[in-house]
Structure formats: C-alpha cells, structure tokens
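To start, the structure under review is shown below, and the notes come after it.
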C-alpha cells in the first residue's frame, strides 16, 4: 500500500478493499519503523490519526466521502493544528499547542483526510537544507545506500523526504524562496508552489508574508492536483488571499501539450549549473518537444538580482513577523528573568537558532533609519523589475522551464558554515516568489544516482496548466516513480 | 522677555465600532481582563489581520467633518517596538498614505473670536493593550482586551497659542466625534487621549523653538494644567539662558509635576515598513458619498439652529450644542417644557451642577429631558416656585418618584396664586408688623426700600406654609405699602 498514490488509495478505499483505519494503521506502523533513518517527522499523531480514520470510515459509510476521505497524509509543522503541537521547527514553539486550525488544516479535515503527523522543517522555514531545525536535521532517502547522509533540501525537507521514503503519499509544504520546489527536486518528488494568494496563509506561521505560499508535495502531478483541489480558494481570514474561482485541477491533466510554447530563460542555464545537471534538464525539455511543444530561449535580465533583493525583503518581513515570539503570551520563556529586558533578550537568544537570528539581524538592519531607502526600497524596486521580466516572457511563451536547483542533494554539513553558498541553492527558485508566480518541480532524471528536478514556471493562476504539463511528462517518463533504496 | 506659545496636538480617538479593527473581538469596555482577546489579538502564530470596514467608514466621516481630503489609497505600515502589551511586537498604523489628509476645524473662543486650527492628517491604527502594575506582587499583568481597538490619531498643525485655545480646540474635537457618533467621548475610560507639543519663541519671531511632547492627557483639566506647567517650565529655562531639550514628558495631574520620559536620542527607531498582510485599501467615490450621507447634524450647524429655533443667545446656544447628548437632552426638555430659555437655564444650572457634583455624564443622568421639560412647564405656569422646583428636581434625581405633578402634590409644593387669599395673608402680616411698615414708608431710597420688602417675605411664606406665590406676594406688598 505504501507505494500507492493518493488517487490509488482513494480508489482502494472506495472499493471497500481496505478501511481507512486499516490503511492508517499500516502507514503508522511503517512510519514509526522507518522514520528513525530520516527524522522527517517532528510529531506523530497516532491517536488522532486513528480517530480521524474511524470518522473517515463513517463518513464513507454515510455516502459523504470525498477523494481524500480516509487517505493518510502529513502537514508541514508550519500549519497550525488545533490541539496538536505546532513547532515550526523551533525551540521557541517546542510546546506550543494552537487552539485553532490553519485554513489549510481545516480544509483537509473537512475533506476527511487523515493526518499522521507534522513533518520536520528548517526553523521558521529559514533554510535550504533542513539542517536548521531544532528537532534535528532530516536525511534524504536518496544516497543513504551509499552510506552518505545527504540533505533533503529545505525548508520543506521533512515533507519531501517523507513522501520520497513512502512514509506518506502526500504532504503539505510552504515555499517562500524555493522551500517546496528545491526539496522536491532533491528528494525526487513532485512539488507545486501556487500563485501568491491562491492558498490561504491563515494559521500558516509567517516567515515573509509577501512571499510565503502554501503548496503541495506528492509523488505525481495528479496527486498534487488532488491536494490543490482541497487547499486552493479564497479565505476571508486572509486579506491577501484572492477571490477567484477554483477549477478542478484534475480535470485538465490529460489535455494534449501540442502547441505548448516553452521558454528557456538563458540566465538559468549558465555555468552555475553543472553540465550533468544541464543535460538532464535539456533531455526533459526534449521529451516535451516530442509531446508537441515548441521551445525558445527567453531572457529574464534582472533575474541575477533576485537573491540580493530576496535577502533584504524576506529578512525585513521576518524581523517583524518574529517579534511576537517574546516570551510574554505563549511559547518559550527563559528561566527566572530578572526584568523585562532580560526576559526579552534571553528568551529570544535561547529560543531562536543561529539562522533565524541571522535573518532577524539582517532584516532589522535593512529597515533601520538611514538604511531603509538603500536596502528595502531598492529591493522593492528590483522586485517590480523582476515581475516585469516575467510579464514580458509570458507575452512570448506559455511556461518557462529551468533546473530547480543548481546541484543535486549535497552532504549534510557541507554548506552550514557558509550561508551565502547555502543561499545560492535557491538561485533558480527565488525570483518566482518575488513575482508571486506559480511553479512546480518535477523529477527529471538523475546525476550520480541523485534526483534532478525540472522547474516549470507559469503565469498567474496557471496552476492547472502546470499540473497538466507535469502530468503529461509523467505519462512518458518514470522518474517520479523511482524509489530510493 | 515676551514669549509666543506654540501648541500642536495629537489626539487618539477610539472609534466606537462594535468589533476591533483587525479582528472580530468585541471592543466593549470593562470586561474581565483578556476575555475580549481572540487568537488574532493575542498575535498567535499564523493569525492574520482582516480590516473592519466600519473603522474606515468612521474615519472617512471624521475626515468629511473636518473639511479634509480623503486619502483614496490607504496603506498600513508596521511600527516596530517591543512592549508586553503590544502582542505582535509592532503596531499596525498608517504613515505614508493616511486615510484623512489636510483639513481644518473652526473653534469659537471665549473672547468671541473664531480660531481656525488646521489638521495635518488623521490616520487609522490599532490600540495596544494595558499593562497593570498593581496587585501582582511585584509582577505586571497584561490585559489585551483593548489591543486592536480602532483609533484615529488626529495630528494638528502647531496653530494654537495658549492653553485656552488648545482646550477649546480639544473640546470642539470632542464635540465633533461624539456628534458624529464615531467615539463615545468617555475620557475617563481613555476614549480620547491627548498628546501636547509645546514650544516657545520670542514674541513675533517666525523661528519655531525646540518642542517637547507631553503624552497621554485624558482630561481637559489636566491638559490645561499640563500646558500651563510646561510653558512655565520652558520659560524658566529660556529666561535663565538655558536650552530646551527635545523630549517626551509625562505629566502627573494629581501632583502638578512632570518628568522626562525619553529624549530624542533615546527615541526608538520604529523601522516602519508597509504591512505585507494588508493590501492597500481603495476608498472610492461611492464609499465617500455613503459616509457623507451618514453625517448627522454637526455642532456648528446645531448651534446656529438653536439660536434660530429656540431663540437662544450665542453663549447658551454654544454651550448646549457642543455635546451631542446634552443637545439631545435640551431638545427633549424644550419640546416638553415649551419654554426653551427656561429649559436652557435649568440645564446649565441645576442639572449641570448636579452631574458635575456626582461626576456623571449626560447619558448617566437619572432624569430625562422629558421630565425636566414637565418641570419647566410647572415653573412657567406658576404651579411651583423656583424653590419648590428644586425640591421636585431632587425627588426626580433620587428616583423617589418619576412624575413631576405627583411630586408636587405629594410634597404640597403647589403655590397659592389666589389673589384674594394672598391679600388676606398680606393684610394680617402687615398688621402684625407696624414698626417695619412705618420704617418702610419713611424710607426714600428705592434700593433700600426694595431690600426692606424682603423682610416681609419670610413671615408671609411662613403664614402661607411656604405655598404662597412669591411673585404675587411681592406685587401685593408693593401695592399695599404704597410704591
């Protein structure tokens, strides 16, 4: 059962061959047995999962089942879950149990899905390797057989690793600068970051509010579509969510790709990319040509400024978003504070990890009096130029394709002491968040036995087209079905 | 040396919306601590603000009432600082694109002049919670019921030149927002709080001096005292050749003392930046016209109407039209009492004195305008004397009885106005006081004679058991005693 997709499990449940309680028990047993190798979960919610499975079986018996009723999955530990601790990978929230559901959580609950637990992540979603989690690094299932512990990517590394290791068929994720796509690429699974505003951010713990977007990780494009069907939609609790009709994302998966116009941004095929990686990506593009697509080179002239602009805007927003973690109302508070200032400084010094503190400092600096114009305002101007670059590109083509990451999964510890090298992991993904566009990462081959991801970028609200393109590719390739040994 | 005083105000006005500016919690005052704070108000992780349309409507109504331009694109910024009663670690406020742009308010001064005070802008923001420092054994308590209450912060130009002008402006603003119904105006509960910026400059100079800001004054009296105190403090420093330090000061009204809270150098760097959780709010023509259609009669129009409709003089009309609740009370009394001038006198006399003595607002008055109107009818038709009327008022106030005529009957306050009966009493009293009668008739100074008349009133009121109409007694006396 653990190798089956969400769509397949849904059919198994519908046929009555297995109950959700039985299925959930199988997944839980496997999860408890296997996850020691990956550390992909922070919290396993066995009791709640079995209760949800029981309720799902009753829901099905009552004829009220959805595609998700009784299907096990997991939430990234950034989505608040009513009554279940939500840590965001931080000591600060080690014992935080929210009294409310995120809108994403509530929607899966309503659909009758069975949440097995909360997946590991970089602390406050800040990282590209899942090494900044207070709950320990996550190990990529790929490469383990050769005795090397590689990173799964980040920040949704727990979700990507859990899906790759067949611990769950699908897991929610979030993407601020590449946090869905890069781990999906490094773990050989399929991930989608929707258009900014497509999925509610309510109850999704904020890192950088103007960039954060909830999304999906599963093995197939079809399962991503099933997830997005649940997650997408306007939410009156999120003023930045967009009131726009949500299509059935599975309905257009089988549209032919004949005439699809693909653009290859030349700035994304430079010497930062190893020839082996580039070859895999170009092979994938050739598959699309075989499916009837046309390919041309396009230019995103300001793409090179994306990392710099991002590392001003994201930390600036984070510096304010993380001010609420002050030890006053919830979360970690230092022992025996001697006065208010002592409580603030020690609570935050002890509660946050190094990368989080680094970004709070960078963001605070960028917003400071006398620096605001030079950093924050300038970065916002760059952001508009980048948006314009994409708008120009989409006048010529339907989708853009590029590598998702510059290299495959690297060995744990390799980049931890060099933040700038680590930040370059997101060089192909970050501009998309600055523009607010949707993008996917789709398994597209291997280099040295490690997965390579193809990034497909669409225009605003083109999720259905991206899923269609990914699904068609997965009909003629089997990269997404390869299982790590 | 002669000095010019320059004063500008910043006023925080709590908007009387039912729910908070960015959450659905109630804004009602006085609930148990933290019972009106939901996940958003507590800044729980992942929660997001959703703007309250009514707060925008009230702000636009205010803007229209002060003749201001309405900001068509309203942005919110985050103002970052740490404080235990500021749950998010930043206040959501407006900096670059406030909802109310430049406007003005005309203020009538006691000397009969009208002063125009320009409004620089007014912006929407959220209130913080409260830190409670008593009763926690050396620790502080945090009450977040107030956190997220909508405020408009009104910022004036430095157009006021005395404490009197500043207070007159403050009262006018209070009158405006209560008339608009966008603020309950209850200053003791912090519904309006004033920060006063003060500087001095040599008389006639066009160079502004260094200013100080005195924060959080929550009564007109404290505001007046604080300004007088600060002007004197600055004057002493300047006349001794010293320099004013730009700083924020706190005034203690009970002790008439102030102290420095922080200097400019110690001021926070608030690191303002646009709030990414809130999109810019576009205020369109329809929204503005809708707000305009909701504007009630404003104090200036009401004052003019009171003069016209009730024949009040400028002073009375000004006093009664300022406070919306007092104006309504007056109109109810005038409608029932038929004699608007007499109703006005009673409201400004007995009624206001009693409210003040018991520290009550008009809304808390135990008597209604209709009851006072009924009493005015009985005064005007001579049923009760003014002394008797005070007894009726007392009975109404204490709730002894709520019907004016019933009180008059029960207390025997009805005046005897039967001329024959009164004449008989006068004859009897005068017959018993022959010396005083002779004395009166021998006196030539009309002023002294008038005074001597009073000597007969006591025995007359005694003879009539207090029920004789004093006005009639007076007329009869004059007639009988011969001019």
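Here the Cβ of each residue, glycine as well, is placed from N, Cα and C on the backbone.
If you look up TrEMBL, you'll see A:22-467 marked as domain 'Amidase'.
Under the heading active site, charge relay system, TrEMBL lists A:76 (among others). Secondary structure from DSSP puts residue A:76 (active site, charge relay system) in a beta strand.
Residues or ranges marked as active site, charge relay system in TrEMBL: A:155 (among others). Reduced to three states, the DSSP call for residue A:155 (active site, charge relay system) is coil.
Residues near residue A:179 (active site, acyl-ester intermediate) in space but far in sequence (CB under 8 A, at least 6 apart, same chain), listed by position: A:122, A:125, A:128, A:154, A:155, A:156, A:173. For the recorded site, residue A:179 (active site, acyl-ester intermediate), the DSSP three-state label reads coil. The active site, acyl-ester intermediate annotation in TrEMBL covers A:179.
Mean per-residue pLDDT, taken over the domain 'Amidase' (A:22-467), amounts to 97. Within the same chain, residues at least 6 positions away in sequence whose Cβ sits under 8 Å from that of residue A:76 (active site, charge relay system) are A:118, A:119, A:121, A:156, A:158, A:159, A:171, A:172, A:173, A:174.
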